[in-house]
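The compositional bias 'Basic and acidic residues' annotation in Swiss-Prot covers 22-31. The O-linked glycosylation site annotation in Swiss-Prot covers SER75. The region 'Disordered' annotation in Swiss-Prot covers 1-31. Taken from Swiss-Prot, the feature region 'Required for water permeability' applies to 208-219, supported by experimental evidence. Positions annotated as site 'Selectivity filter' by Swiss-Prot: CYS239. Swiss-Prot lists 1-42, 101-123, 194-224, 290-294 with the feature topological domain 'Cytoplasmic', giving sequence analysis as the kind of evidence. Here Swiss-Prot flags 64-79, 145-172, 246-268 as topological domain 'Extracellular', drawing on sequence analysis. Annotation source Swiss-Prot lists transmembrane segment at 43-63, 80-100, 124-144, 173-193, 225-245, 269-289.
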Amino acid sequence: MSLKRSDDYQDLEEGIAMEDGGNIKDEEEKPLDPIEEQNKKRWVLIRAVLGELLCTFLFVYVLCATSANFIRLGSPPNPVVGGLSTGFAAVALIYSFADVSGAHFNPAVTFATCVTRKTSITKGLMYVGAQLVGSVLASLILLATFPGNFPGDKNAASAVAIAPSTDANIGNAFLTELVLTFILVYVIFAVAFDTVDNSVKTKVVGKSSSNNLTIYTTSGQTKAGFAPIAIGFTLGFLCFLGGSVSGGAFNPARVFGTALVGNNWTRHWMYWIADFLGAGLAGFAQKFFSSTHK
């Protein structure tokens, strides 16, 4: 969920902007030798992958712990509390990790960035691997922080595992996951990536004389600044939708760790295929509507 264009590596800074008497000037840095430059790029990638692992761990743990706490208290699931905790956690984590890894914490989001060529396949595979490790670690920590048996003689991980409703067929659940993931990824691509000219710092108003249609748009920088809030709100309201049908995952990392640790693989494949399909369609759809699309 990057707040900037998701290139394979950050470009190295070529100069340092320094203020001298109110004027800004560039001071050239000594070029790095090829080995040093390669090492720096490698470290940036390693840091990004580790950041994605930690970000996913925190996100999945918050969601699972919220559900586990309700179950231990004997309270029925509360979609409002679940939506708020999901949204707030997403906002905090995106602000915290956006400049480290891009804060995807969702294999479907990473897949969409790969198929739209915002992320390389190699980096995407490393991200997905890190996300799955983070998901498993979150489920293991959940067992340590919520001990004892849950209803149905389940452990904490299996108790909060997401699965389709028993009264919904596979088509209902598949389509629900696809649509919810499409909404999420479309919003992420629309607000988190540079879709307009960043050199435009102010709002642009265009008016068509033929039909009196006024179009308002904002700069990429303005949109990116509010991206964590927009994404958090989207995750929050999506929690109110589809939970009674598919379980409302729209994130394969949310279901993988609990499925592995809790040994609950009910229709697990659906959350990968439906979510990846919805994410890919959303990425291409947003690219089509983007102002930079040629």
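Just so it is clear, glycine is given a Cβ too, placed from its N, Cα and C backbone atoms.
For the transmembrane segment (80-100), the list of distant contacts is 1-4, 47-48, 51-52, 54-55, 58-59, 62-63, 66-67, 70, 227-229, 231-233, 235-240: same-chain residues at least six beyond its ends, Cβ to Cβ under 8 Å. Sorted by the number of other CB atoms within 10 A, the recorded positions SER75, CYS239 start with SER75, the lowest.
SER75 (O-linked glycosylation site) sits 18 Å from CYS239 (site 'Selectivity filter'), taking the C-alpha atoms as the reference points. Under the three-state DSSP scheme, SER75 (O-linked glycosylation site) falls in the coil class.
For the topological domain 'Extracellular' (145-172), the number of residues in each DSSP class (helix H, G, I; strand E, B; coil) is 8 helix, 2 strand, 18 coil. Confidence annotation: the topological domain 'Extracellular' (246-268) carries a mean pLDDT of 91 in the model. Away from its own ends, the topological domain 'Cytoplasmic' (101-123) comes close to residues 1-8, 45, 47-49, 51-52, 55-56, 59-60, 93-94, 131-132, 134, 181, 184-185, 188-189, 193, 250-253, 272, 275-276, 278-280, 282-284, 287 of its chain (Cβ-Cβ under 8 Å, at least six residues beyond either end).
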